[in-house]
Amino acid sequence: MCTGDRKMPKSILLTGSTGFVGTNLVKSLTLKSDYIVKSAVRHAVNKDDGLLFEVGDINASTDFELPLKNTTVVVHCAARAHVMDDKEAEPLTLYREVNTAGTVNLAKQAIDSGVKRFIFISSIKVNGEGTLVGCPFKTEDNHAPEDDYGLSKSEAEKQLVALAKDSSMEVVIIRPTIVYGPGVKANFASLMRLVSKGIPLPFGSITQNKRSLVSINNLVDLIVTCIDHPKAANQVFLVSDGHDVSTAEMVRELAIALDKPTWQLPVPIWCYKLFGKLFGKSDIVDRLTGTLQVDISHTKETLGWKPPQTLQEGFKQTAQAFLQANNR
């Protein structure tokens, strides 16, 4: 029987497939006939699933030989997640164990296995914690991490770049900013809960800052683009929705998405600063009132890519999932 020039599906190994980004990436990739998606997981619930490989904790000694067999592309999403005010005795050691040593170990084994491309989901924290309005982070900026999580990601990036120079494996680095979407947790979910109550909120004066956000759909679309795009090789990409918002504007857009009234009281920013100092919450206050913008022009121009989903569309989708989950 003649099969013509039909291409063989590309084998992709994904780490972090049970996390927020990984779960959504698996959903997207499995809809495409071009890919065979394998997952390296800490614990495999279904050990008969031939596409799930139990590897235990990811660190410098994790054995990836079996899942890497016949793999063309690795997408490395797994990480020790950032924790505000980490209470561990030596958080940097723990971040490095997973985010740096674990990443480099996987990359080295990928090279030995003949993997063509390694996509690393890093963090905008490699660039730093904040910017001035109108002075966004750019791809070419020097690394300037300010916390242990960002440092561990920065160190991993530098070692990956060095490995790529000495091998035939291409490395692609993606630095997301704050990611939101259906099922999002942490601070974004907390903000949605507040807005969903329809009560007056004290964010009316926070109008001069700007935050770059990225919907999970836009991030996943960029990752999928980087799997095949020839110009993605050995590049660093920043990613956002392309529309930056102040805290007050973010709350207003969320209220619209949740179909709730929005009353924002103009509490002076100095009150926030004082609260942060008195109660040891300065990091949270800085995030609430500060600016963090990213310039995605390099991403768009290099790949011919643009975010397929607007911020308003992303907020609406996120809000609908939130309301369904909470039976509202």
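From the backbone N, Cα and C atoms, a Cβ is placed for every residue, glycine too.
According to Swiss-Prot, the protein has these features:
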ACT_SITE  Tyr149  active site, proton acceptor
BINDING   20-21, 41-46, 57-58, 77-81, Ser123, Tyr149, Lys153  NAD(+) binding site
BINDING   Ser123, Tyr149, Gly198, Ile199, Ser215, Ile216, Asn217  substrate binding site
Under 8 Å by Cβ from Gly198 (substrate binding site), same chain, sequence gap 6 or more: Ala255, Lys260, Pro261
Rounded to the nearest Å - Cα separation of Ser215 (substrate binding site) and Arg42 (NAD(+) binding site): 26
Closest of Tyr149, Ile199, Ile216, Asn217 to Phe20 (NAD(+) binding site), Cα positions, recorded positions only: Ile216
Pairwise Cα distance for Val45 (NAD(+) binding site)/Ile216 (substrate binding site) [Å, integer]: 25
Per-residue Cβ crowding (10 Å cut-off), top of recorded positions Phe20, Tyr149: Tyr149
Cβ-Cβ distance under 8 Å to Ile199 (substrate binding site), same chain, at least six residues away: Trp263
Site of maximum Cβ density within 10 Å, from binding-site residues Ser123, Ser215, Asn217: Ser215
Greatest inter-residue Cα distance in Å for the substrate-binding set Ser123, Tyr149, Gly198, Ile199, Ser215, Ile216, Asn217: 35
For Phe20 (NAD(+) binding site): DSSP state (helix, strand, coil): helix
Rounded inter-Cα distance in Å - Ser123 (NAD(+) binding site), Ile216 (substrate binding site): 14
Surrounding CB atoms that lie within 10 Å of the CB of Ile58 (NAD(+) binding site), all protein chains: 25
Nearest-integer angstrom distance between the alpha carbons (Cα) of Ile216 (substrate binding site) and Ala79 (NAD(+) binding site): 17
Cα proximity to the residue listed as 'active site, proton acceptor', best match among binding-site residues Arg42, Ile58, Ala79, Asn217: Ala79
